[in-house]
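K.L.:
The following block contains the structure, expressed as structure tokens.
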Ligand SMILES: [Zn+2]
């Protein structure tokens, strides 16, 4: 009998040691969002994406610096400014192109991913594999926000209040150029925006319209656009999303949003008195075992040795409109190792 040879106390201690040695054993039943949400730094492994945008993780992530010449990262306390290196490079490129060619002064960068991706404690269903980025549809101001302002400042909706159409008092041609610029990059597979924005682009965009098919109408997304990259090279276990249709999507497909999806619902008939109240459904959490098996390795691998290894700084160029300031350090509970950008050399 095992119990005779190995007293229960000994077995319990053994289980404890095993759980420490193999944290995934202890993780059974714990929602994956808690396991990934706790990680403050990426895994120090080569950059690789595992799984799908709404069910996966990634290794070798890097953070976008809190400040670049043409961007400012927002909501620093969320620690969601991590992505696959290709996503960070794309944001840098977009910020520069938009400022130099499109009349958009700089990007306010919203949520990217957690350091190792995975499900998030709050908010998005996607953003799990380091290939999604929310870019505010509010132009960057001509000054640096404080850390506190980055928490409290709200993005501005481009829609008229309580409507599904763009507000001409907010919308500018530069909004359109910024969105179409993002869609023009071959690595960007789709850009999600509110149907009202898509309609505006369909009706008024004067530039190259060949990428209008990448502009995908969706609920919400009138405060920010959501940029999604295709699976990058070197990520065999990244699950690709369906290709976007070849047509611009300005006809019937767009009409459906206004005629059906966004139509105000008729008030529901009075419920019968005999109807029993429905039991609230238990939310189903994604578990680590639901994710690709490589995600357990990503979750439990060591972090980077130094902070500079994992922070992206813009390579060259700087705005001359305002003086360089000290990069903002988040006042929230980030560990000392979380990358904070070094002051950049200022180009006059
Ligand atoms: Zn998003």
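Glycine too: its Cβ is placed from the backbone N, Cα and C atoms.
TrEMBL labels come from automatic prediction, so no person has curated them.
Source: prediction; values computed, not measured.
Just lifted these from TrEMBL, have a look:
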type	residues	note
DISULFID	202-250	disulfide bond
DISULFID	231-238	disulfide bond
SIGNAL	1-26	signal peptide
K.L.:
Tell me the Cβ neighbour count for residue 250 (disulfide bond), meaning other Cβ atoms within 10 Å of its Cβ, over all protein chains shown.
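P.N.:
So the number of other Cβ atoms within 10 Å of residue 250 (disulfide bond) is 18.
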K.L.:
Could you say which of the disulfide-bonded residues 231, 238 has its Cβ with the most other Cβ atoms inside 10 Å?
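P.N.:
Of the disulfide-bonded residues 231, 238, the highest Cβ count within 10 Å belongs to 238.
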K.L.:
Please give me the CB contact count at 10 A for residue 202 (disulfide bond), counting all chains in the structure.
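P.N.:
If we count other Cβ atoms within 10 Å of residue 202 (disulfide bond), we arrive at 17.
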K.L.:
Can you tell me the CA-to-CA distance separating residue 250 (disulfide bond) and residue 231 (disulfide bond), as a whole number of Å?
P.N.:
26
K.L.:
Quick check for the class: what is the C-alpha distance, in angstrom and rounded, between residue 231 (disulfide bond) and residue 202 (disulfide bond)?
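P.N.:
For residue 231 (disulfide bond) versus residue 202 (disulfide bond), the Cα atoms are 27 Å apart.
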K.L.:
Measuring Cα to Cα, how many angstrom lie between residue 202 (disulfide bond) and residue 238 (disulfide bond)?
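P.N.:
So the Cα of residue 238 (disulfide bond) lies 32 Å away from that of residue 202 (disulfide bond).
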K.L.:
Return one of helix, strand or coil for residue 250 (disulfide bond), based on DSSP.
P.N.:
coil
